[in-house]
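Heads up, the thing below is written out as structure tokens.
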Amino acid sequence: MSSTESPGRTSDKSPRQQVDRLLLGLRWQRLEEPLGFIKVLQWLFAIFAFGSCGSYSGETGALVLCNNEAKDVSSIIVLFGYPFRLYQVQYEMPLCDQDSTSKTMNLMGDFSAPAEFFVTLGIFSFFYTMAALVIYLRFHKLYTENKRFPLVDFCVTVSFTFFWLVAAAAWGKGLTDVKGATRPSSLTAAMSVCHGEEAVCSAGATPSMGLANLSVLFGFINFFLWAGNCWFVFKETPWHGQGQDQGQGPSQESAAEQGAVEKQ
């Protein structure tokens, strides 16, 4: 009985042993260093950035009161959200004529380019920082011994810094345009029924932009995190060591000459 059960037990233990070895190989103390700690912040705020922008949805609206008694107050509610292709969002404009009831209208504007670029950059930042954390925690010796890894990490960090600045600024401008296009006043201004004397239009639901405003804030926080991390990544590159060697070279030579003079 013992001989038949031993293979099953060893097969059950082998995956656990592999997981234990993997966890034991992780050097969690690296997270206390700036290089690892900032990567954790970059990973978290990348989630906050693309999550707050990509999950946003809001609504705007207006009220139309026809002067004719045959018509009641019409409430218009328009739902919109990411990726903010507002020209594809439809709503029904009531008509105060006796013959017709409503007319299909569309919001104006397409702000998908800055929004999608912002979300895409956040997703790429999420995956890159997660991969970088694995290298820092599990393969840090390879990272320090191989000079290519710090150089690649530095170049990628500088690139992400630039892209986050562009993405946050572009999405901030795009969000301002989205607010202008989805205001209730913009909705009533686009409806022809509100320009005549046969109806009275007033503002309805006002869109709440709190989550969208946070996404812009998270974008600039990501920029500052990546910009600050450039220095710590640069310190791991051979370029930083060369600069120190060049700075210490003349001082060491002058110290040696001074020692020789004192001996004489």
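From the backbone N, Cα and C atoms, a Cβ is placed for every residue, glycine too.
Among the features that Swiss-Prot reports, topological domain 'Cytoplasmic' is placed at 1-33 (among others), with the record citing sequence analysis.
Per-residue pLDDT, averaged over the domain 'MARVEL' (30-238), rounds to 91. The annotation domain 'MARVEL' is assigned in Swiss-Prot to 30-238 on the grounds of sequence analysis.
Distant neighbours of the transmembrane segment (34-54): 82, 115, 118-123, 125-126, 129-130, 132-133, 136-137, 171, 211-212, 214-215, 218-219, 221-222, 225-226, 228-229, 232-233, 236; these residues of the same chain sit at least 6 beyond its ends, with a Cβ under 8 Å from one of its Cβ atoms. Residues or ranges marked as transmembrane segment in Swiss-Prot (evidence: sequence analysis): 34-54 (among others).
Swiss-Prot lists 55-116 (among others) with the feature topological domain 'Vesicular', giving sequence analysis as the kind of evidence. Helix, strand and coil content of the topological domain 'Vesicular' (55-116), in residues and according to DSSP, is 8 helix, 29 strand, 25 coil.
Using a Cβ-Cβ cut-off under 8 Å and counting only residues 6 or more beyond its ends in the same chain, the transmembrane segment (117-137) has close neighbours at 26-28, 30-31, 35-36, 39-40, 42-43, 46-47, 49-51, 53-54, 82-83, 143, 149, 153, 156, 160, 163-164, 167-168, 170-171, 215, 219, 222. The transmembrane segment feature in Swiss-Prot is assigned to 117-137 (among others); the stated evidence is sequence analysis.
According to Swiss-Prot, the topological domain 'Cytoplasmic' annotation covers 138-150 (among others).
Marked as transmembrane segment by Swiss-Prot: 151-171 (among others).
Annotated topological domain 'Vesicular' per Swiss-Prot: 172-213 (among others), in sequence order, evidence recorded as sequence analysis.
Summarising the annotation, Swiss-Prot assigns N-linked glycosylation site to N213. Following the DSSP three-state reduction, the secondary structure of N213 (N-linked glycosylation site) is helix. The Cβ neighbour count for N213 (N-linked glycosylation site), using a 10 Å radius over every protein chain in view, is 15.
The transmembrane segment annotation in Swiss-Prot covers 214-234 (among others), and the record cites sequence analysis as its basis.
The topological domain 'Cytoplasmic' annotation in Swiss-Prot covers 235-264 (among others) and is backed by sequence analysis.
What Swiss-Prot lists as region 'Disordered' is 242-264.
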